[in-house]
Structures are given as C-alpha cells and as structure tokens.
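J.: Sharing the feature lines straight out of TrEMBL:
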- 24-47: transmembrane segment (TRANSMEM)
- 59-80: transmembrane segment (TRANSMEM)
- 86-106: transmembrane segment (TRANSMEM)
- 178-200: transmembrane segment (TRANSMEM)
- 206-226: transmembrane segment (TRANSMEM)
- 325-347: transmembrane segment (TRANSMEM)
- 359-380: transmembrane segment (TRANSMEM)
- 401-422: transmembrane segment (TRANSMEM)
- 437-461: transmembrane segment (TRANSMEM)
- 473-496: transmembrane segment (TRANSMEM)
- 522-542: transmembrane segment (TRANSMEM)
Amino acid sequence: MEEMVDWRGNQVNPKRHGGVRATLFLYLLVVVRSSVNAANTNLVGFFRSTHNMTIARSVILSTNFGGATWILSIVGSFVADSYVGRFKAIFFFGPFEVLGYGLLAFQAHHSSLHPPQCNIKQNNANCESLQGWKTLLLYLGLFMVAIGEGFMRPSTPAFGSDQFDTNDPPQMKQNIRFFDFAAFATCFGATFGLVLLVWAQSFKGWNLGLGVCALFVLSGLLLGAFGSPFYRYRLPCGSPLTRILQVIVVAFKKRKIHVVPEKDVEDPELSDLSTDTNDGETLSHTKDLRFLDKASIYTGDTSAWSYCSISQVEETKSFLKMLPILFSSVLCYFPFALFFTLTAPVAATMNTHLRGVRIAPASLYAVSVIIQWIILVLYNRVITPLVARCTSSKYSNVTSHLVRAGVGFVFAMLATIVAALVERKRRMATDPKTLSFLWMLPQFILIGLMEVTSFVGLMEFFSNQLPERIRSLGSSMVFCIVGLSVWLDGAIVAVVSRVTKIGGDGIGWLDGRTFDTTRLDLFYGMLSVLEFVALLNFSFWARKYLQGQRSQ
C-alpha cells in the first residue's frame with residue numbers, strides 16, 4: 001500500500017479508493033476490448049474483399065498484425081511498470097487504437113483510398129491490389145491499433161489487481177474473484193463481437209463495422225476514465241526485466257574472472273546494502289548456469305550494474321531455465337493463428353445458412369469462446385482436483401501445469417488433422433455450397449479446448465515457477481509465446497507458398513484469390529506433422545525441466 005496513491009498523488013484511503021467498486025469501471029473496458037479483438041479474426045475478409053489481396057498476402061498481413069499486437073504487449077508491460085504506470089498506459093495509449101480503427105474505417109468508406117471493387121471469387125479475375133501510399137495508409141491504421149491494444153492488454157488486468165491489497169486475506173479473495181469475473185467479461189465480450197460486430201462487417205460494410213469498433217473502444221475508455229477518482233495508482237517501480245538484464249551485463253563485465261572465490265560471493269559486508277534481504281524471498285545458491293555466479297562477486301562497487309546479490313542471480317537462472325519451455329511452446333502454437341485467419345474465409349465458400357438465416361462464417365469462432373467459457377467454469381471445480389490427483393507428488397503443481405499445456409497441444413494436433421480431412425471433403429464436393437459450414441465445427445471445438453488448456457497451463461506454470469520479484473513476467477512470457485508463433489505463422493505461409501511453386505504448373509498451395517485453387521488440405525496435413533514434432537519437442541524439454549527440479 002506504500003506504493004499506492006490516489007488520482008491526486010496523495011495517500012490512498014482504503015475505504016474510498018480501490019476495491020470492488022473501482023473494478024466495475026474496468027469490467028466495461030474488458031468487455032468492449034475483447035469484443036473488438038474477437039472481431040479482428042475477420043480481418044482476412046477485409047483484406048481480400050476491400051483491398052483485393054491474394055490469400056497468401058492477406059494471411060501474412062493478418063498474422064503480422066496479430067504478432068505485433070502480442071509482442072507490443074510485452075513492451076507495454078515494461079513501459080507501464082518502469083516509467084508511466086498502468087493507468088497512463090491504458091488511457092494514454094488506448095486512444096491510438098481508436099484512431100487506428102477510425103483511419104481503417106475512413107479508408108474503407110472512401111473508394112479513392114482502396115482499389116476498385118472486383119469479384120475476387122472468380123479465378124481469372126484481373127483484380128487490382130492495394131499498392132503505393134494507400135498501402136502505407138492501411139499499415140498505419142493497423143500499427144496504431146496494435147500499439148493501443150498492445151499497451152492496454154497487459155495493463156488492464158494488472159491495474160485491476162492493483163485495486164486490492166493482497167496482504168489482506170479478504171481483499172486477496174476479492175482479487176481472485178476479479179480475475180474470474182474478468183475472464184467471464186472477456187468471454188462475454190468476445191461472443192458479442194463475434195456475433196454482432198462480425199455480422200456488421202460482413203453484411204453491412206467494412207466502413208460501418210470498423211467505425212463501430214472505434215466507437216466501442218472509445219466508449220470503453222471513457223467509461224473507464226470515469227472511475228479515476230476511485231482508483232488506486234501504483235507508482236512505477238521498475239521492471240523485472242531490468243533485474244535480469246543487470247545480472248547478464250554484470251556477469252559479462254566480470255567474464256575474465258575465471259575463479260569465483262566463495263568468500264567474495266555475496267560478501268557479508270553487503271548484507272545491509274542489499275534490498276533483496278528485506279524485500280521478498282531470499283533464494284539459495286544453486287550450481288546451475290555457473291557463469292552467472294560471477295555477477296555476485298564483490299569487487300568493491302555496489303552499484304546495480306556492477307554487483308548483483310545471489311538472490312538476483314538465482315532469479316535470472318530460474319528465468320533462463322524456463323526458456324526451453326517457452327520456445328518449444330512457440331512451435332506448438334503454430335495452428336492457433338492460422339485457424340483464426342483461414343477457416344472463416346473457407347467457410348464462406350460453403351452453405352452458411354442455418355434454418356434459413358444467413359450466418360457470418362467468422363461467427364463460428366464464438367463456438368471456441370463458448371467452449372472456453374464452459375471450461376473456465378469447470379476448471380477449479382473438476383479439472384484441477386482431477387489432474388492433481390493423477391499427478392500427486394512433491395512436484396504435482398509443476399507437473400500438472402505442464403500436463404495441461406501438453407494436453408492443449410494434443411488438441412491442436414487433432415484440430416489440424418480434422419481441418420485437413422474437412423478441407424479434403426470440401427475440395428472433392430462437386431459444389432461446396434452443398435456442404436454446410438457446420439462441418440468446420442469440430443475443429444473449432446478442438447482449438448477452443450487447446451486455447452483454454454494450454455494458455456491457462458502455461459500461465460500458471462510460469463507464474464508458479466518464477467521467483468516472487470519477477471513473477472509478473474509470467475503473463476509477458478505467455479504473450480511472447482503467442483506473439484512469436486503468430487509471426488512465424490506468416491513466415492510459414494510465405495515459405496510454403498514460394499516452395500510449392502517449384503515444379504509442376506508453378507502454382508503454390510496458397511496461391512490465388514479463391515480457395516478453389518489452393519491446397520489447404522495438404523497445408524493442414526503439413527501442419528499436423530509439424531505439430532506432432534513440436535509436441536515431442538515440448539515433451540522432451542518439459543521432462544528435462546522436471547528432472548532438473550527434482551535433482552535440486
């Protein structure tokens with residue numbers, strides 16, 4: 001509470017500032033943000049219909065945008081913790097998202113700012129694609145959206161958690177309940193966006209759909225700003241990434257010291273100088289990654305960039321030992337973004353009527369959200385006790401978190417297999433319009449199960465295993481996994497599109513403007529093989545990590 005102030009910079013009054021009342025304003029912001037983010041899964045349709053892009057180019061642009069948003073979330077978290085604070089990160093950078101959607105809607109509304117309309121459903125259509133300064137206008141709008149969302153995504157839940165004193169047991173329970181309601185608000189907002197916003201974009205025009213997105217985000221920011229007098233504001237106190245970087249830099253500066261004298265490591269004279277002994281947990285020295293131990297050699301200079309305590313060195317070791325889990329999870333997340341960029345456009349080539357009502361294909365993503373909604377409700381009541389019972393041991397928590405993530409990646413592999421079979425059936429049909437788009441439903445159910453199990457499992461794993469002072473990095477590490485995988489998805493599409501042009505008729509698997517000329521069945525089959533190999537790789541590193549934990 002000593003790090004908290006009110007909106008005027010004075011000491012907070014627990015009866016007036018923070019608590020459940022303050023978080024009510026944030027729930028509304030979560031709802032509108034999640035609804036807009038869910039509608040972004042329909043952007044491939046925007047790039048193809050309004051800007052006449054090919055399938056490969058639209059998928060690459062969509063994945064680049066999604067990856068940039070996730071990576072900027074890490075930047076936003078660092079800036080908020082170190083410099084501006086979480087409130088300013090939300091309400092200063094949030095308007096960039098409003099301006100970005102406004103610019104995209106403006107470009108979609110004025111025909112002079114995008115290529116002439118063209119029937120992209122015809123294979124031989126000679127459609128003019130977006131080029132020149134008009135492309136820069138599109139990129140500017142997307143980049144502004146990515147900046148706004150990237151800074152708000154990590155800061156909103158963290159700012160909500162700041163409204164409770166975690167040292168007070170009743171408020172600690174309210175803090176846990178806040179995250180439960182925030183997850184509920186996210187699912188509700190995503191369902192709303194996938195049903196109504198996607199419908200407006202698909203059937204009422206992209207200018208209207210993107211304009212509504214801008215108004216939604218603006219209304220959420222205004223409603224959230226109304227709660228300013230009731231919030232608690234945490235003063236910027238530095239990022240845990242700085243602590244890790246200090247250890248690496250100091251160890252590098254002392255790399256020429258070949259022997260680490262035991263008497264010079266964590267010199268007893270420094271016990272009163274080190275804040276680590278009084279702030280948070282004290283970690284014991286371990287024998288792993290010994291090259292980092294040189295950072296704790298006392299040479300007379302006690303500045304942060306010349307000396308690090310043993311606890312700080314051990315925090316860095318814990319972080320580095322988790323990197324194999326992080327990078328192996330990136331490979332397992334490959335299908336995640338590709339499902340959300342390719343499936344809806346493919347479903348649009350099928351029969352999208354349900355009981356006589358025309359459904360926007362991207363609304364199928366709501367099935368994935370509903371699955372997550374159900375799993376989140378059952379998670380603490382059924383799944384957690386069951387997994388803990390099956391993995392009962394001293395390290396049951398660590399094991400269960402990794403098992404959950406691994407089960408999610410199995411669902412991802414099954415989703416790619418199902419997607420390949422469904423695409424094969426669609427291609428073999430005389431007229432795809434005779435097939436219902438509900439054939440896509442099983443893969444959406446599987447990808448929903450994958451997201452809720454792997455995302456929650458990895459989030460709990462990193463949060464549980466990271467030391468107290470750098471525990472806030474847990475969410476950033478998961479954001480990094482998703483962001484890198486989404487970016488790599490764009491690279492995979494580009495490589496596959498180019499490599500598969502070699503030989504034959506010179507047409508790649510993802511070439512063309514229609515899905516009649518693509519070989520998505522082969523592409524999904526390739527993803528299934530990659531996902532199987534990635535799962536084996538993840539299992540290897542997870543087992544090695546557990547063995548290392550047991551040996552300590």
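Just so you know, glycine gets a Cβ as well, placed from its N, Cα and C.
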J.: Short question: which residues 6 or more past the ends of the transmembrane segment (59-80) have a Cβ under 8 Å from it?
T.: 40, 43-44, 47, 53, 86, 88-89, 93, 142-143, 145-147, 149-155, 158, 236, 239, 241, 337-338, 341-342, 472, 475-476, 479-480, 482-490, 493-494, 510
J.: Can at least 3 Cβ pairs under 8 A be found between the transmembrane segment (359-380) and the transmembrane segment (325-347), with each pair 6 or more apart in sequence?
T.: yes
J.: Would you kindly list the residues that approach the transmembrane segment (325-347) from elsewhere in its chain, counting only those six or more residues past its ends and only Cβ-Cβ distances under 8 Å?
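T.: Distal contacts: 41-45, 48, 55, 58-59, 62-63, 66-67, 361-362, 364-365, 402, 405, 409, 412, 415-416, 419, 423, 426, 437, 440, 443-444, 447, 450-451, 454, 458, 461, 477, 480-482, 484-486, 488-489, 492-493, 515, 520, 527, 530-531, 533-535, 537-538, 540-542, 545.
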J.: Between 24-47, 401-422, 473-496, who has the most Cβ pairs under 8 Å to the transmembrane segment (522-542)?
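T.: Looking only at 24-47, 401-422, 473-496, the most contacts with the transmembrane segment (522-542) come from 401-422.
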